[in-house]
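Copied over from TrEMBL, here are the features:
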COMPBIAS  58-67  compositional bias 'Basic and acidic residues'
DOMAIN    35-102  domain 'BZIP'
REGION    1-70  region 'Disordered'
Amino acid sequence: MSQGLPAAGSVLQRSVAAPGNEPQPQPQPQSPEDDDRKVRRREKNRVAAQRSRKKQTQKADKLHEEGNTEYECLEQENTMLRREIGKLTEELKHLTEALKEHEKMCPLLLCPLNFVPVPPRPDPVAGCLPR
């Protein structure tokens, strides 16, 4: 027979494990102290996990509560600003109408010598209003 090769008829047994499924070592007989230690470790881990989950829940609740408070505050400010926009828009309409009425009878505007062409200005309010 050649060296390194199995004899004819013999079966070559290999332990081929799928990726992620490494063969597990055979369990060793455990002493009562090892069992007791394992139980204490599991209990300690369980308590730590509960404490961690509780802390995470409290943190999420706090963020949610702070977010609601901030949201309500921003909503109130938004409502107040929208009212102010409405009042200012009404005032602009009123003043524009008053100016048009005044221009109809203003002696300074009726005199051709006083007429100086003024280029139209963009509406200053239009850029501020929500679309």
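Our numbering is plain: 1 for the first residue shown, then up by one each step along the chain.
Just so it is clear, glycine is given a Cβ too, placed from its N, Cα and C backbone atoms.
All annotation found in TrEMBL is predicted automatically rather than curated by experts.
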For the compositional bias 'Basic and acidic residues' (58-67), residues assigned helix / strand / coil by DSSP:
10 helix, 0 strand, 0 coil
Could you give me the DSSP helix, strand and coil counts for the domain 'BZIP' (35-102)?
68 helix, 0 strand, 0 coil
